[in-house]
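Features as listed in Swiss-Prot:
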BINDING   Cys33, Cys36, Cys51, Cys54  Zn(2+) binding site
Amino acid sequence: MLKQSGHKHGKLLKILKHNKPKERKFGKGARRCERCGRYDGIIRRYGLYLCKDCFKEVAHELGFFKWGE
């Protein structure tokens, strides 16, 4: 991106301003995993906001356990 702006600070700011992602209010794009930043498989119950993989790693520390085992 610096090559495109020609190392000019004003041009770099303009490029960053017009290419930043839109802030989402609804849908999958509005929610991210708080640990890794993924958008897929978010567990929102109890206000966790963790993806399924991160939840599986920290579930026991949070007090969740599997009934069968």
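Note that Cβ sites are derived from N, Cα and C of the backbone, with glycine treated the same way.
In sequence order, Arg32, Glu34, Arg35, Gly37, Arg38, Gly41, Ile42, Leu50, Lys52, Asp53, Phe55 are the residues of the same chain, not among Cys33, Cys36, Cys51, Cys54, whose CB sits within 8 A of the CB centroid for the Zn(2+) site. Counting Cβ atoms from all protein chains shown, Cys51 (Zn(2+) binding site) has 22 others lying within 10 Å of its own Cβ.
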